[in-house]
Amino acid sequence: MWQGPPEKEVCAVRAVSRRLHLWAWRMSVSLSLSLFSSPRLDLTKTSGRELVMLLEWWSGTECVIHTDPQAYPKYGKENAIVVLNHKFEIDFLCGWSLAERFGVLGGSKVLAKKELAYVPIIGWMWYFTEMVFCTRKWEQDRKTVSKSLLRLRDYPEKYFFLIHCEGTRFTEKKHQISMQVAQAKGLPSLKYHLLPRTKGFAITVRSLRNVVSAVYDCTLNFRNNENPTLLGVLNGKKYHADLYVRRIPLEEVPEEEDECSAWLHKLYQEKDAFQEEYYRTGTFPETAMVPPRRPWTLINWLFWASLLLYPFFRFLINMISSGSSLTLASFALVFFVASMGVRWMIGVTEIDKGSAYGNIDSKQKRSN
């Protein structure tokens, strides 16, 4: 009587079958992510390139990168966490420009305050392209931020993940309060930065470890004490930026939260020293390089302008020529609402109209 195949062969066949099923599942997930992510990547590229075009082509702002020539070829070829100081109104835009010049703007993400999701145009684009938003209240952010970051582990394209560890833009009032907290915690004082918020950085490193290759420590400043604004960029004013980029392998960042926190505090002490040197000498360390402007931001803008502006002006002329009071009043109302939306978007970047985050009483901050 036939007893069937030996047990070892059955186990081997089952093992191969399981591996084939697992491989097929992974391929289907990967394909689904690629197909689903493609429209969002295109949306990110389109929305981001509009503002980058204004910075690079409309205002002609120059950004010189100071970095190690041996690290430079790796930029854009690997996933990276970008830590950028938060002192200028267009620092986020300089971060986008960096990503665009190295060809990773479409996949890049940013850790931003939740209020930005409601800002017309830019905030809506960020929401639909799955930017990582936080309320800056750790108990609420712990799960939501971690969940958003874990999605990036299977992201189909290279990306920069931009994070402002200071949590809010630098002002003298916020700096004074921040240094009171530093003194209470026994931390060294910083002259040009606020005390970094370490928990968001720690969870970012923990969630993206083995996927992200390095931390890019970016320290930004502007020549001749320029005070750049988004309104200035829209008006075509040219600025001159210097950006010091240090590539730090992620293996050098500690895994334990307390050690990671101490590492980040040390990083900001070093950033402070670099800023001190910049104000003293007018330059950052390492070799100065200027990545070439890519034409895609300008081509993207010209495409949408030719597609939308001609029909818009044709429609506008027809409305005016109609002579209808109701039609003209409706157009004036729409124009007013659109102008207020743009003004709101600009206001979000203005330092003197920034959030009250960081202006709270120092006793409250120490308790946190």
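Note that Cβ sites are derived from N, Cα and C of the backbone, with glycine treated the same way.
Whatever TrEMBL says is automated annotation, not expert-curated.
Pulled from TrEMBL:
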DOMAIN    80-202  domain 'Phospholipid/glycerol acyltransferase'
TRANSMEM  298-320  transmembrane segment
TRANSMEM  326-346  transmembrane segment
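Counting residue by residue with DSSP, the domain 'Phospholipid/glycerol acyltransferase' (80-202) contains 61 helix, 17 strand, 45 coil. Taken together, the residues in the domain 'Phospholipid/glycerol acyltransferase' (80-202) have a mean pLDDT of 85 on the 0 to 100 scale.
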